[in-house]
Amino acid sequence: MTEGARSTIDQGEVNRFSAMAAEWWSPTGKFKPLHKFNPVRLGYIRDKACENFGRDPKSARPLEGLRVLDIGCGGGLLSEPVARMGASVVGADPSEKNIGIASTHAKASGVSVDYRAVTAEELAEAGETFDIVLNMEVVEHVADVELFMTTCAKMVRPGGLIFVATINRTMKAAALAIFAAENILRWLPRGTHQYEKLVRPEELEKPLAASGLEITDRTGVFFNPLSNQWKLSRDMDVNYMLLAKRPA
């Protein structure tokens, strides 16, 4: 990257997640909400990817032969199960500590993931391209959302997909995803999310459309305390996911 160029990296966020790196794979630790969230996002990714690429979602390895980027992969909570679906996965994160934890866990689990301590900009500048880009629970932690989305979009191959998951910038989200989750329920460490860094759907859709991608699906996600599970929902006021495709 040239000197003075814009960057998507918020070093404070990188440092904060690096400090918690040892907790990534603890289902009762600081990343417990992501462990709970994983089944619904994995199901969404599998089903939409199979629909796009003409695969059977019930097969053992439905993503066989597809190249997938998990940007901001953290400790690999998403990278590993996607690799188990047959995909060739690149897990990228700017934190060396996160990548170290992810690599160690994958090796111990017998899962092949290409983990790299790199930024989205570095991958794009190297000309890397993917059938699927996973941009999950990352945009609310970057320094420049528009640049980050544009950079990720560049790496989506013709006919390929980008999945985005984040938290909406609404008062409802401030009350539930920040105040309640961090201060009352203690699901997350205080300071995990800042209201001003939350992202509205249109702020993601605009740079994706400007990059030549078409928004093909939107869904909310909510936590059902009775079933203790996350479910897809029409309500996008708090957690939501977007799907966009680059025309073939």
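Just so you know, glycine gets a Cβ as well, placed from its N, Cα and C.
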Suppose a student reads Swiss-Prot and sees Arg41, Gly72, Asp93 listed for S-adenosyl-L-methionine. Which of Met20, Met136, Met149 should they find annotated at that same site?
Met136
Checking the spread of the S-adenosyl-L-methionine site as listed (Arg41, Gly72, Asp93, Met136): what is the longest Cα-Cα distance, in whole Å?
19
Quick one: give me the count of other CB atoms within 10 A of the CB of Asp93 (S-adenosyl-L-methionine binding site).
28
